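The block underneath contains the structure these notes are about, expressed in structure tokens.
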């Protein structure tokens, strides 16, 4: 079996952090992987120089991961088709709003037996009758197998080689599970593989709705007990949602890094929590969009958007009453409900029946 | 069926907070409960007056829950046998080190068909070949059915009527589940009943070991990803421990307030976390006991003690290698391992195999 060639599609903060890992694992497993890894870089000019050339000469992504060296077997390529043309494994790590466009660029130009793995949190922005997972979008366009990697993985800490875990969700472990684990598993980035793609991926998107509720609770000063109840009820709605729309997930998957760990981190430290905490304090004078802009300085909080998409889907099957937390977050973000009324909405939660 | 008489054994901070709830639920369910509730008070003299008399005249536990009214149907009684003699439901809410003594005082003096519910977190301190649950200790001495109530329930917040959840673990739901739920369930204290006594109770004890590891991580400045991994791996060891020593628990129980919610709250806000964070910084000059004394001002951190008891039990079946987090916490508390080596111990966690 010839060694597999890997292409990394994306080179932002998370993409560069993961390139450090992939550069190292491909090099230390030469009989599994080709150690030459190409990484797609959207060209930019930094202080008069091309970013791709800076990366290929200094081995540092000075714009998105300054101060950290990329392994020398990572090669920046500015054309995404060129990046992927010989690849056996496509690692998607771009902002979710670019997935459809980039996948269409690659259509018909990649190896037919290649596989993809998506590290993208959030739902696809392509129009569909309901919501669409990023992995589904890639699969539909490229007609290849798509796995996902999710977990409590703040990029700067991963780049700093802090110990953490991640979850790979895959259709069948025995097919590519061991190989994909080898591609990401290092001393400080510990991988579990589960046969639950949708559950793994949905945890990464839905947790942001829960983090909004946690932020409202923090903004209102409700304390630790209430916040713990919100996180737990949010987890139960995530599980319920997965079971309703993608039945067959294992309950144990929600105890993986993609589930429990990522949810907790997001509800204590994440940006959705921060924006929603501030929203409670300033909602009389500012819109959610204004607060987001001020606090996140250009980054976006996906929780309010995900809540809107999820609630639209719930309405189609008249399921809102089973998801009081998701529905309340959506209403509060649209100013149809006061944050102070969140708890009232949770009081008759189906979990307490 | 005559209405059930309730006795509350204990009147500390948590006992008084729960008396506010029980006073209210017994009064609003007169055909289920006798609204006269007796509460055992260990007599003390406060500013020249007896605490029991202060409670019975001003309806305030000025020592342990100042500023909050107790319902007028809660009566302080200073003799524990007198408190319980006609009771159908005994609510145990005393520090765990008093359980054996108090249960022995009650032996033979209570109604034979009474039941108990323990709100006590931690393991029994009575000597046994291994560890003993508080509920088991009560059951063995009094020979009555014992349920447990656990959850993310910081007493001051419960006393403040902040919204929260709790879990009742019981042998068979259909026997007393509905009645016990009625005794505790209010608008702001939301109860789930599960048929898992040991899992419910063990979560409340074992979480403190995990909180120690979270504290070490905080003290070392390891960041959010690592802390999330520690909390998750700790949860997996809790589940593994319950399955090994008390097989038959439902995985879903660990998603209840007693599991996920209480663990998270304890790892972010609890006293074990605080003590262990400080221990990392001052361990060269101070013992754990000294740090505990300084920080907790008389209260105790049960994590180190529980870790010691749990590891003793693991040794008997040579199971230490399956619980690297529990074992590492125990070793660090005894200065047999540096906090800096915690992560190294977790690197080959059985969860990553």
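Any Cβ shown, glycine's included, is placed from N, Cα and C.
Positions annotated as active site, proton acceptor by TrEMBL: A:207. According to DSSP, residue A:207 (active site, proton acceptor) is assigned to a helical segment. Cβ neighbour count for residue A:207 (active site, proton acceptor): 31 (other Cβ atoms within 10 Å of its Cβ, all protein chains included).
The NAD(+) binding site annotation in TrEMBL covers A:10, A:11, A:12, A:13, A:14, A:15, A:98, A:155, A:271, A:302. All protein chains shown were included, and the count of other CB atoms within 10 Å of the CB of residue A:10 (NAD(+) binding site) stands at 26.
Secondary structure from DSSP puts residue A:272 (substrate binding site) in a helix. Cβ neighbour count for residue A:272 (substrate binding site) (all protein chains, 10 Å cutoff from its Cβ): 28. Summarising the annotation, TrEMBL assigns substrate binding site to A:121, A:271, A:272.
Over the domain 'Glycerol-3-phosphate dehydrogenase NAD-dependent N-terminal' (A:5-174) the predicted model carries a mean pLDDT of 96. The domain 'Glycerol-3-phosphate dehydrogenase NAD-dependent N-terminal' annotation in TrEMBL covers A:5-174.
For A:196-343, the entry in TrEMBL reads domain 'Glycerol-3-phosphate dehydrogenase NAD-dependent C-terminal'.
Annotation for the binding-site residues A:121, A:271: lowest Cβ count within 10 Å of the residue's own Cβ, A:271.
Binding of substrate is attributed in the record to A:121, A:271, A:272, and the widest Cα separation among these residues amounts to 14 Å. Residue annotation for NAD(+) gives A:10, A:11, A:12, A:13, A:14, A:15, A:98, A:155, A:271, A:302. The furthest Cα pair among them is separated by 22 Å. Between the CA atoms of residue A:207 (active site, proton acceptor) and residue A:12 (NAD(+) binding site) there is a gap of 22 Å, rounded to the nearest whole number. Of the listed binding-site residues, namely A:14, A:98, the sparsest CB environment within 10 A is found at A:98. Geometry remark: residue A:14 (NAD(+) binding site) versus residue A:272 (substrate binding site), CA distance 18 Å. Residue A:271 (NAD(+) binding site) is 14 Å away from residue A:121 (substrate binding site) when you measure Cα to Cα. In the three-state DSSP classification, residue A:98 (NAD(+) binding site) falls within a helix.
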